[in-house]
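**Q** Take a look at this one; I'll ask things after.
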């Protein structure tokens, strides 16, 4: 086996042996991964899309409590990946962390199916009316849900990054393939979500919750078998040294100790290892890292890399270590600007669904569409938009800008946030009309159907789907691309944790708004009877904070500097970094 035939990024097989580039990785390996992603998303959205209805109709929770509990569970699902990613990057690697976590995930799905199927574990129902669940039944149901959240913590951050690992950054052809990877990865995710919101939700509402949860459980088991069939084709990045947190602590502490030292006039005078020390082979030297070029942001941290010739015992960090800390700080700032958009996304599986239950859901010949099934239009718009974006928008913008991605990652996010604001503005306008119809027809009872078609809600769902092609996929790619090379699993948890915190933020806002507006006998904006509430006021509030947040995002992005990595190549030095514009929103 000649060295030239091996992958250049140092990836290995499951036993730790170098792998041939021609026989492993690329799309032929990813084909096994995307199958799992589709079935896993089917399982997740099969639960999340209709959970608020189960809590209100089967467990008799009120509107605010059910919305809060859905948000809290969703928040945990998206936050637990922080721990799974840390374990993968520092100890077990992505493959084994995924393997152990997927078993927990499946166990949670089996428990949940039992919770809605076994007579002793679910509330008794007669003629569609269920008695109040016992404390043990509620406890088992939520234990099942949060077991799924724990399992998701190890699978979610590692399966997508494991897929990205199948492409060699040092191979120009594979590097080009990787540009489209996250678009098509999310495409498979959308397929799973589409089946869940169209098929599983209908099954749950009309054929039974046991069957509605049992199907994705079986599907998840089947997808895991497919995943392990592809094991001989997979490439694995070597588990890095366990210094992940140490750098983040060492760099600011060293910078503080050197606060009285004078920064040199040029960055070339800061301490850094020779470029050849950073081997292409991730298993070889320098802890598997690539040299990162100096950037002029967070200059106070540069003091950690000052060479103090007067004190040979003084600690100093390399420029690459310092830049890794800078990268994380920059990502945290961008992450903070994504929390409000994640709060808007949280409406899809909560208030949008409750809003839909009040409207006329009859389409034709007496067929009633489940309110939660409108979420399928989010997915459909994504499925249509991804190929258009990848095959038409990107090549067109690439010719205009010269950027490999067509537009920068932060420009992509900004466009998505603008579309999202338009969507919530339309949601506000539709809710104003719904309230007008309610007043015109003197509707007061919570069970009365508002004579207004549920299809009025379609525009807000469709626009949120289009927005997600820009901001959801863009966020996943941004945090993977901009993470330090040795923490890319943990880096992608910026994406998942943002969604998680957004759900918690929505839970907090719903609770606070309900409490404040319902004080002193007032009518809550989000009461149990949505026909007497004021969701339009709450949507208006979300519209205002989203607009303000967009301004903050534009300001922060204009100051963001993309990561650049330097590596040795045959003819000299290659700088790796697709988005090289110093201003995040400039072409």
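A Cβ is built for glycine as well, from the same backbone N, Cα and C atoms used for every other residue.
Whatever TrEMBL says is automated annotation, not expert-curated.
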**Q** For which of the residue intervals 51-72, 73-94, 95-116 does TrEMBL record transmembrane segment?
**A** 95-116
**Q** Looking at the candidate ranges 121-142, 143-164, 209-230, report the one that TrEMBL labels transmembrane segment.
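**A** Result: 209-230 is the stretch TrEMBL calls transmembrane segment.
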**Q** Which stretch, out of 537-556, 557-576, is listed as transmembrane segment by TrEMBL?
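**A** Checking TrEMBL against the ranges 537-556, 557-576, the transmembrane segment one is 537-556.
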**Q** Transmembrane segment per TrEMBL: which of the ranges 368-389, 434-455 is that?
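**A** Among 368-389, 434-455, the range TrEMBL annotates as transmembrane segment is 368-389.
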**Q** So which range, 184-203, 244-263, 264-283, gets flagged transmembrane segment in TrEMBL?
**A** 184-203
**Q** Kindly say whether the transmembrane segment (95-116) and the transmembrane segment (209-230) touch, using the definition of 3 or more Cβ pairs under 8 Å where each pair is 6 or more positions apart.
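**A** Yes, the transmembrane segment (95-116) contacts the transmembrane segment (209-230).
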**Q** Honestly, do the transmembrane segment (368-389) and the transmembrane segment (184-203) touch, with at least three Cβ pairs under 8 Å and pairs 6 or more apart in sequence?
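**A** In contact, yes.
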**Q** Please figure out which one of 184-203, 209-230, 492-513 racks up the most CB pairs under 8 Å against the transmembrane segment (328-348).
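**A** So the stretch in question is 492-513.
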**Q** How about long-range neighbours of the transmembrane segment (209-230): same chain, 6 or more residues beyond its ends, C-beta under 8 Å?
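**A** Answer is 29, 31-33, 35-36, 38-40, 42-43, 46-47, 50, 54, 58, 102, 105-106, 109-110, 112-113, 116-117, 122, 196, 200-201, 203.
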